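Okay, structure first, notes after.
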Amino acid sequence: QFLSLCAPLTQEHPEVLPFLSSRHLRAHPDFRASAEFRNIRGRLLRRARGRRHKIYVYINELCTVLKARALRRRLPLRSLPGPSASQCRPSSSQCRPTPSCGDCGAPSHGDPGAPSHGDPGPSSSSSPPPPPPRQRPGGSKRQIRHLENLLRVYAGEIRRLQERELDFQDLDSADSPYLQENRLKRRMMRIFRRLCQLKECSSLTGRVLEQRIRFRGTRYPEVNRGIERFINRPDAFPDYSDILREIRGASARHGLGLGRRQMENMAQEAFREVGNRLQERRHLDLVYNFGSHL
(Lines of atoms letter the chains of each structure in order from A; the text may use other names.)
(Lines give C-alpha, C1' and ligand atoms only; values in the text may rest on other atoms or scores of the structure.)
Protein backbone atom coordinates (compact mmCIF):
# COMPACT_ATOMS: atom_id res chain seq x y z
CA GLN A 1 0.00 0.00 0.00
CA PHE A 2 2.81 2.40 0.82
CA LEU A 3 4.63 1.67 -2.45
CA SER A 4 1.46 2.01 -4.51
CA LEU A 5 0.83 5.37 -2.86
CA CYS A 6 4.39 6.54 -3.54
CA ALA A 7 4.54 5.35 -7.17
CA PRO A 8 2.58 8.23 -8.81
CA LEU A 9 4.20 10.81 -6.53
CA THR A 10 7.82 9.83 -7.28
CA GLN A 11 7.74 9.55 -11.06
CA GLU A 12 10.41 12.26 -11.36
CA HIS A 13 12.82 10.07 -9.36
CA PRO A 14 12.20 6.43 -10.39
CA GLU A 15 15.19 5.18 -8.38
CA VAL A 16 13.50 5.93 -5.03
CA LEU A 17 11.09 2.97 -4.92
CA PRO A 18 13.71 0.29 -5.84
CA PHE A 19 15.95 1.73 -3.11
CA LEU A 20 13.12 1.53 -0.58
CA SER A 21 12.36 -2.05 -1.64
CA SER A 22 16.00 -3.05 -1.20
CA ARG A 23 16.02 -1.54 2.30
CA HIS A 24 12.92 -3.56 3.12
CA LEU A 25 14.52 -6.79 1.92
CA ARG A 26 17.69 -6.15 3.96
CA ALA A 27 15.75 -5.62 7.18
CA HIS A 28 15.58 -8.41 9.73
CA PRO A 29 12.64 -10.79 9.04
CA ASP A 30 11.55 -10.67 12.68
CA PHE A 31 11.31 -6.89 12.53
CA ARG A 32 9.38 -6.94 9.25
CA ALA A 33 6.81 -9.26 10.82
CA SER A 34 6.60 -7.37 14.11
CA ALA A 35 3.81 -5.16 15.39
CA GLU A 36 6.30 -2.30 15.77
CA PHE A 37 6.95 -2.22 12.03
CA ARG A 38 3.23 -2.47 11.25
CA ASN A 39 2.55 0.52 13.49
CA ILE A 40 5.33 2.58 11.88
CA ARG A 41 4.15 1.65 8.41
CA GLY A 42 0.53 2.49 9.21
CA ARG A 43 1.46 5.84 10.74
CA LEU A 44 3.55 6.84 7.74
CA LEU A 45 0.80 5.69 5.39
CA ARG A 46 -1.76 7.90 7.11
CA ARG A 47 0.59 10.89 7.06
CA ALA A 48 1.47 10.37 3.40
CA ARG A 49 -2.20 10.28 2.42
CA GLY A 50 -2.83 13.54 4.22
CA ARG A 51 0.33 15.36 3.12
CA ARG A 52 1.35 14.07 -0.29
CA HIS A 53 3.80 16.95 -0.84
CA LYS A 54 5.97 15.53 1.97
CA ILE A 55 6.16 12.03 0.52
CA TYR A 56 9.99 12.09 0.35
CA VAL A 57 10.18 12.94 4.05
CA TYR A 58 8.13 9.85 4.93
CA ILE A 59 10.12 7.67 2.53
CA ASN A 60 13.33 8.85 4.17
CA GLU A 61 11.94 8.11 7.63
CA LEU A 62 10.96 4.59 6.60
CA CYS A 63 14.39 3.99 5.04
CA THR A 64 16.06 5.12 8.27
CA VAL A 65 13.97 2.72 10.34
CA LEU A 66 14.73 -0.19 8.00
CA LYS A 67 18.43 0.64 7.92
CA ALA A 68 18.59 0.60 11.72
CA ARG A 69 17.16 -2.94 11.75
CA ALA A 70 19.16 -4.31 8.81
CA LEU A 71 20.81 -7.71 8.99
CA ARG A 72 24.45 -7.44 9.97
CA ARG A 73 27.11 -9.42 8.22
CA ARG A 74 29.05 -11.53 10.70
CA LEU A 75 32.63 -12.48 9.90
CA PRO A 76 33.49 -16.18 10.25
CA LEU A 77 35.40 -16.96 13.43
CA ARG A 78 38.79 -18.55 12.98
CA SER A 79 39.49 -21.48 15.26
CA LEU A 80 42.49 -21.25 17.56
CA PRO A 81 45.44 -23.54 16.72
CA GLY A 82 45.32 -26.83 18.58
CA PRO A 83 47.83 -27.95 21.18
CA SER A 84 49.68 -30.04 18.57
CA ALA A 85 50.61 -26.95 16.58
CA SER A 86 52.12 -25.19 19.59
CA GLN A 87 53.41 -28.27 21.35
CA CYS A 88 57.10 -27.80 20.59
CA ARG A 89 58.19 -24.19 20.20
CA PRO A 90 61.74 -23.04 20.98
CA SER A 91 60.43 -19.84 22.58
CA SER A 92 58.20 -21.59 25.11
CA SER A 93 59.38 -22.26 28.62
CA GLN A 94 58.37 -25.91 28.38
CA CYS A 95 60.67 -26.76 25.45
CA ARG A 96 64.08 -25.12 25.61
CA PRO A 97 66.84 -26.25 23.26
CA THR A 98 69.78 -28.16 24.75
CA PRO A 99 73.14 -28.97 23.21
CA SER A 100 72.07 -32.58 22.80
CA CYS A 101 69.04 -31.84 20.59
CA GLY A 102 68.76 -28.28 19.32
CA ASP A 103 65.86 -28.89 16.92
CA CYS A 104 63.08 -29.35 19.41
CA GLY A 105 64.80 -28.92 22.75
CA ALA A 106 64.28 -32.54 23.87
CA PRO A 107 67.00 -34.22 26.02
CA SER A 108 69.56 -36.52 24.51
CA HIS A 109 68.18 -39.49 22.59
CA GLY A 110 70.63 -41.78 24.35
CA ASP A 111 69.14 -41.05 27.77
CA PRO A 112 66.88 -44.00 28.60
CA GLY A 113 64.97 -42.03 31.19
CA ALA A 114 64.16 -39.15 28.89
CA PRO A 115 61.05 -39.12 26.75
CA SER A 116 61.48 -39.54 23.02
CA HIS A 117 60.35 -37.16 20.24
CA GLY A 118 57.09 -38.99 19.72
CA ASP A 119 56.38 -39.36 23.45
CA PRO A 120 56.48 -35.93 25.09
CA GLY A 121 56.79 -35.64 28.82
CA PRO A 122 54.02 -34.71 31.21
CA SER A 123 54.94 -31.01 31.19
CA SER A 124 54.73 -30.70 27.39
CA SER A 125 51.52 -32.74 27.00
CA SER A 126 49.43 -30.34 29.06
CA SER A 127 47.40 -28.24 26.63
CA PRO A 128 46.82 -24.54 27.33
CA PRO A 129 43.62 -23.69 29.17
CA PRO A 130 40.63 -23.08 26.89
CA PRO A 131 39.71 -19.44 26.32
CA PRO A 132 36.84 -18.10 28.40
CA PRO A 133 33.45 -18.25 26.70
CA ARG A 134 32.51 -15.11 24.82
CA GLN A 135 29.82 -13.08 26.47
CA ARG A 136 26.76 -12.03 24.56
CA PRO A 137 27.31 -8.48 23.25
CA GLY A 138 23.72 -7.44 23.87
CA GLY A 139 22.03 -6.85 27.19
CA SER A 140 19.70 -9.09 29.14
CA LYS A 141 15.94 -8.75 29.00
CA ARG A 142 15.96 -7.48 32.58
CA GLN A 143 18.36 -4.62 31.73
CA ILE A 144 16.36 -3.66 28.64
CA ARG A 145 13.07 -3.73 30.55
CA HIS A 146 14.55 -1.57 33.33
CA LEU A 147 15.78 1.08 30.89
CA GLU A 148 12.50 1.11 28.99
CA ASN A 149 10.62 1.68 32.26
CA LEU A 150 12.99 4.55 33.07
CA LEU A 151 12.25 6.14 29.69
CA ARG A 152 8.52 5.95 30.36
CA VAL A 153 8.92 7.53 33.80
CA TYR A 154 11.09 10.36 32.48
CA ALA A 155 8.74 10.95 29.53
CA GLY A 156 5.79 11.36 31.89
CA GLU A 157 7.74 13.73 34.13
CA ILE A 158 8.83 15.84 31.14
CA ARG A 159 5.26 16.11 29.89
CA ARG A 160 4.11 17.15 33.37
CA LEU A 161 6.74 19.90 33.47
CA GLN A 162 5.79 21.11 30.00
CA GLU A 163 2.11 21.39 30.90
CA ARG A 164 2.75 23.17 34.18
CA GLU A 165 1.71 26.81 34.46
CA LEU A 166 4.56 29.11 35.39
CA ASP A 167 4.80 32.46 37.15
CA PHE A 168 7.62 34.98 37.35
CA GLN A 169 9.09 33.36 40.46
CA ASP A 170 9.45 30.05 38.62
CA LEU A 171 11.24 31.76 35.74
CA ASP A 172 13.75 33.43 38.08
CA SER A 173 14.34 30.27 40.11
CA ALA A 174 17.68 28.46 39.85
CA ASP A 175 15.74 25.19 39.63
CA SER A 176 12.99 26.28 37.25
CA PRO A 177 10.88 23.74 35.35
CA TYR A 178 12.81 24.59 32.18
CA LEU A 179 16.09 23.54 33.79
CA GLN A 180 14.53 20.41 35.26
CA GLU A 181 13.13 19.50 31.85
CA ASN A 182 16.53 20.03 30.24
CA ARG A 183 18.23 17.73 32.78
CA LEU A 184 15.63 15.02 32.28
CA LYS A 185 15.99 15.18 28.52
CA ARG A 186 19.75 14.78 28.78
CA ARG A 187 19.28 11.75 31.03
CA MET A 188 16.76 10.32 28.58
CA MET A 189 19.25 10.65 25.73
CA ARG A 190 21.93 8.83 27.74
CA ILE A 191 19.47 6.04 28.58
CA PHE A 192 18.31 5.87 24.96
CA ARG A 193 21.88 5.46 23.66
CA ARG A 194 22.59 2.77 26.25
CA LEU A 195 19.35 1.00 25.32
CA CYS A 196 20.36 1.00 21.66
CA GLN A 197 23.68 -0.57 22.61
CA LEU A 198 21.96 -3.33 24.57
CA LYS A 199 19.50 -3.97 21.72
CA GLU A 200 22.33 -3.83 19.17
CA CYS A 201 20.50 -1.35 16.96
CA SER A 202 21.26 2.11 15.61
CA SER A 203 20.50 5.19 17.70
CA LEU A 204 19.48 7.23 14.63
CA THR A 205 15.94 8.58 14.92
CA GLY A 206 15.48 9.90 11.37
CA ARG A 207 15.60 13.59 12.32
CA VAL A 208 16.86 16.09 9.78
CA LEU A 209 19.70 17.10 12.13
CA GLU A 210 21.14 13.59 11.84
CA GLN A 211 21.43 13.74 8.05
CA ARG A 212 24.99 14.26 6.82
CA ILE A 213 25.68 17.40 4.78
CA ARG A 214 27.66 16.85 1.58
CA PHE A 215 29.86 19.83 0.80
CA ARG A 216 31.13 20.41 -2.74
CA GLY A 217 31.52 24.18 -2.61
CA THR A 218 35.12 24.41 -3.87
CA ARG A 219 37.00 22.83 -6.75
CA TYR A 220 39.52 21.21 -4.39
CA PRO A 221 38.35 17.78 -3.09
CA GLU A 222 40.83 17.94 -0.19
CA VAL A 223 39.33 21.22 1.03
CA ASN A 224 35.78 19.88 0.59
CA ARG A 225 36.53 16.80 2.70
CA GLY A 226 38.03 18.86 5.52
CA ILE A 227 35.09 21.28 5.64
CA GLU A 228 32.59 18.41 5.39
CA ARG A 229 34.13 16.58 8.34
CA PHE A 230 34.08 19.76 10.41
CA ILE A 231 30.46 20.80 9.75
CA ASN A 232 29.11 17.29 10.41
CA ARG A 233 30.40 17.22 13.97
CA PRO A 234 27.69 17.15 16.67
CA ASP A 235 26.39 20.62 17.56
CA ALA A 236 28.77 22.30 15.10
CA PHE A 237 27.95 25.73 13.72
CA PRO A 238 31.30 27.09 12.44
CA ASP A 239 32.23 30.73 11.95
CA TYR A 240 34.44 32.28 9.27
CA SER A 241 37.69 31.65 11.15
CA ASP A 242 36.90 27.92 11.49
CA ILE A 243 36.34 27.55 7.73
CA LEU A 244 39.51 29.53 6.97
CA ARG A 245 41.50 27.34 9.37
CA GLU A 246 40.23 24.18 7.64
CA ILE A 247 41.21 25.56 4.22
CA ARG A 248 44.70 26.53 5.44
CA GLY A 249 45.18 23.11 7.00
CA ALA A 250 44.10 21.27 3.84
CA SER A 251 46.37 23.47 1.69
CA ALA A 252 49.36 22.79 3.95
CA ARG A 253 48.76 19.03 4.26
CA HIS A 254 48.18 18.35 0.57
CA GLY A 255 50.51 20.99 -0.87
CA LEU A 256 47.84 22.86 -2.81
CA GLY A 257 49.86 26.08 -2.87
CA LEU A 258 46.90 28.39 -2.28
CA GLY A 259 47.64 32.08 -1.76
CA ARG A 260 46.43 34.06 1.24
CA ARG A 261 43.94 36.12 -0.75
CA GLN A 262 42.66 33.06 -2.59
CA MET A 263 42.06 31.19 0.68
CA GLU A 264 40.23 34.15 2.19
CA ASN A 265 37.89 34.47 -0.80
CA MET A 266 37.29 30.72 -0.77
CA ALA A 267 36.53 30.80 2.96
CA GLN A 268 33.99 33.61 2.52
CA GLU A 269 32.07 31.73 -0.18
CA ALA A 270 32.24 28.43 1.72
CA PHE A 271 31.13 30.08 4.97
CA ARG A 272 28.05 31.57 3.32
CA GLU A 273 27.06 28.24 1.77
CA VAL A 274 27.70 26.26 4.95
CA GLY A 275 25.76 28.75 7.09
CA ASN A 276 22.75 28.66 4.75
CA ARG A 277 22.66 24.87 4.67
CA LEU A 278 23.03 24.46 8.44
CA GLN A 279 20.36 27.08 9.06
CA GLU A 280 18.00 25.39 6.60
CA ARG A 281 18.57 22.00 8.25
CA ARG A 282 17.79 23.38 11.72
CA HIS A 283 14.69 25.14 10.42
CA LEU A 284 13.37 21.93 8.83
CA ASP A 285 14.05 20.00 12.02
CA LEU A 286 12.09 22.58 14.01
CA VAL A 287 9.16 22.43 11.57
CA TYR A 288 8.99 18.63 11.62
CA ASN A 289 9.42 18.14 15.39
CA PHE A 290 7.94 21.22 17.04
CA GLY A 291 5.68 20.16 19.91
CA SER A 292 6.33 16.44 19.34
CA HIS A 293 6.48 14.45 22.56
CA LEU A 294 7.96 11.53 20.63
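Glycine residues also receive a Cβ, built from the backbone N, Cα and C atoms like all the rest.
The structure displayed is predicted, hence computed values, not measured ones.
Residues or ranges marked as compositional bias 'Polar residues' in TrEMBL: 87-97.
The annotation compositional bias 'Low complexity' is assigned in TrEMBL to 109-126.
Positions annotated as domain 'Daxx N-terminal Rassf1C-interacting' by TrEMBL: 2-77.
When Cβ-Cβ distances below 8 Å are used as the criterion, the domain 'Daxx histone-binding' (251-294) is approached by residues 57, 155, 158-159, 207-209, 211, 213, 215, 217-218, 220, 222-223, 227, 231, 237-240, 243-244 of the same chain, each at least six residues removed from its ends. The domain 'Daxx histone-binding' feature in TrEMBL is assigned to 251-294.
Residues or ranges marked as region 'Disordered' in TrEMBL: 78-144.
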Original post:
How do the residues of the domain 'Daxx histone-binding' (251-294) split into helix, strand and coil according to DSSP?
Top reply: 34 helix, 0 strand, 10 coil
